[in-house]
Amino acid sequence: MSTPVNYLIPRQKDELHKAILAYFSASGLSNTGAALREELGVGDEFLDQNTMKKYEGVLEKKWTGVLRLQKKIMELESRLSSLQSELDSATPTSLTRRNVDPSSWLPRAPAKHVLTSHRNSINSVAFHPIFSVLASGSDDTTIKIWDWELGELERTVKGHTKAVLDLDFGGPKAGVLLVSCSSDLTIKLWDPNNEYKNIRTLTGHDHSVSAVRFIPSAAGEYLVSASRDKTLRVWEVATGYCVKTISGHSDWIRDVEPSHDGRWLLSAGGDQTTRLWDASTAEHKATFLGHEHVVNCCVFAPPSSYPHLATIAGLKKPPPATSSSEFIATGSRDKTIKLWDARGTLLKTLVGHDNWIRALAFHPAGKYLLSVSDDKTIRCWDLTQDGRCVKTVDEAHSHFATCLRWAPAPAKEQTNGEAKTNGIPKAGEKVINVRCVIATGSADMNVRVFAS
């Protein structure tokens, strides 16, 4: 039967042996160390004084790390057991009574967690697509990695020399990466599977890099960035090469958003315009004119919202769900949110915020649009009621609310089974698997997680 050490490669075995010998030496167990050297057939040169210093304390750190991991696993197993028990005892009636229908869930105060560690304003938050991991980027030049389920800080990632302006998880299916961009003119790729090691730094922009996103595709090959240098750039993830530069804006580009299928790019800028681009050809397709100040944010509407937006647009039937760029939403420093069709026609202006709009997110089920603003609030706009604001989370933060993300969850198609709406099955419906979790960041230096 194989022992665990047999699964280690030679380099890992050497490191383990050196760590054990260093532990014996530090513990005064010289005879035991000598016996192990003899058993291994190695001399003093295997672990000289310099190497000894390097490996001192390694074994203890690994041991305490394993204990912490075991504790976390036990906590998660306990929570999983509790949630499974709740699920097993739930009925359609109880689910409806408790108002946990995911398609209608909206955030409410108080937040589930307030994550505190940053020392300056927070500019961006991003959810890991699989695990309960949340990243936040700040003016303090750091990235913080949190377990949003437990509300705990896992690590601080350092590397940028100026403010971290945006973050995103994505990339190749073989291994999810984290990308960040900064006022230091760089974009950095980090590997979550290797302690968030910086694996690549992308340079090429001539001014602050405002926004960055992985472009969705089967291979996860590319990412796109927006900059104060008035350009968008498309980069190859594997090499870090810039493969495309897109020009057209006449001022600082504040935001960029790819469509869910990666075919289109949407950019918003200080020139008060939003622009639609073909991602593969860089061809400009449409310009959205109507805001009276800087456009801070832009987002594509998901197909789940098409029926509601089609009604607002006065269409007899919604566009096909296979299309990825039928409607968009933009938020501006003019304190308004605007809804548009893909041709640049303004459909609706949503008024209610008392300060700059900083970020937008569509509810995955398509019924609502959420926004955060420098007025410190989260507002929820009901697209089935002509975009009426149906909920406001007042004082969501104690300072400007700067960023917003909805935790991702995959859509599932029910073909031979039954879908459920408000806990009541309906045959042949599409089920949107909504994760009822959002995160917001603020100039108050806190990240808040709102969850059901």
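Backbone N, Cα and C atoms are what each Cβ position is placed from, and that goes for glycine too.
Remember, it's a predicted structure, so these values are computed and weren't measured experimentally.
Coiled coil is the annotation Swiss-Prot gives to one range among 36-63, 64-91, 148-175, 400-427, and that range is 64-91. Residues 100, 102, 105, 107-108, 111-116, 118-125, 127, 134, 136, 138, 144, 146, 148, 151, 361, 370, 372, 376, 378, 393, 396-407 of the same chain sit 6 or more residues outside the repeat 'WD 8' (437-452) yet have a Cβ under 8 Å from a Cβ within it. Outside the repeat 'WD 4' (248-287), and at least 6 residues removed from its termini, the chain residues within Cβ reach (under 8 Å) are 207, 210-217, 222, 224-228, 230-232, 234, 293-300, 302, 324-325, 328, 330, 332, 340, 342-344.
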